[in-house]
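Everything below concerns the one structure shown next.
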Amino acid sequence: MSLGLIASRLVAVALVVVVACSTTWARSLEGSSSPVASLIRGRSLSKRANFDPSCAGVYDRELLGGLSRLCDDCYNVFREPKVATECRSNCFYNSVFVQCLEYLIPADLHEEYQAHVQTVGK
């Protein structure tokens, strides 16, 4: 066999191995829930990015987003890191959330926000 023929066969074998490995790797990612696999598939890391695991009630992105924005606004007013985290603790069922609610939201909307906390909470 000539040197050129051997080289071309080695290149062909290498290509087959690379293609086989890449398709096997891609198939293994299809069922994977790792963050890397999610990024490769072009999906977000989590459908429930704002989800607090302490919230055992109904998962409603809109309600959770509204409650979370209240905590963000409260943090922006007071600029203390503990405000943002404590406001969200126990699925918004805490005294910091109530204080933020009283400070930022008109009184006629308090019951609505408290109902949202009950819906997403325990």
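We count from 1, first residue shown onward.
Quick reminder: no glycine exception, Cβ is built from N, Cα and C everywhere.
Cys74 is paired in Swiss-Prot with Cys100, the candidate among Cys55, Cys100 named as its disulfide partner.
For Cys87, the cysteine that Swiss-Prot lists as its disulphide partner among Cys55, Cys71 is Cys71.
Swiss-Prot lists a disulfide bond between Cys91 and one candidate from Cys21, Cys55; that candidate is Cys55. Distance between Cα atoms for Val120 (valine amide) and Cys87 (disulfide bond): 15 Å, as a whole number. A 10 Å cutoff on Cβ-Cβ distances gives Cys91 (disulfide bond) a total of 20 other Cβ atoms nearby, all chains included. Counting in whole angstrom, Cys74 (disulfide bond) lies 16 from Cys91 (disulfide bond) by their C-alpha atoms.
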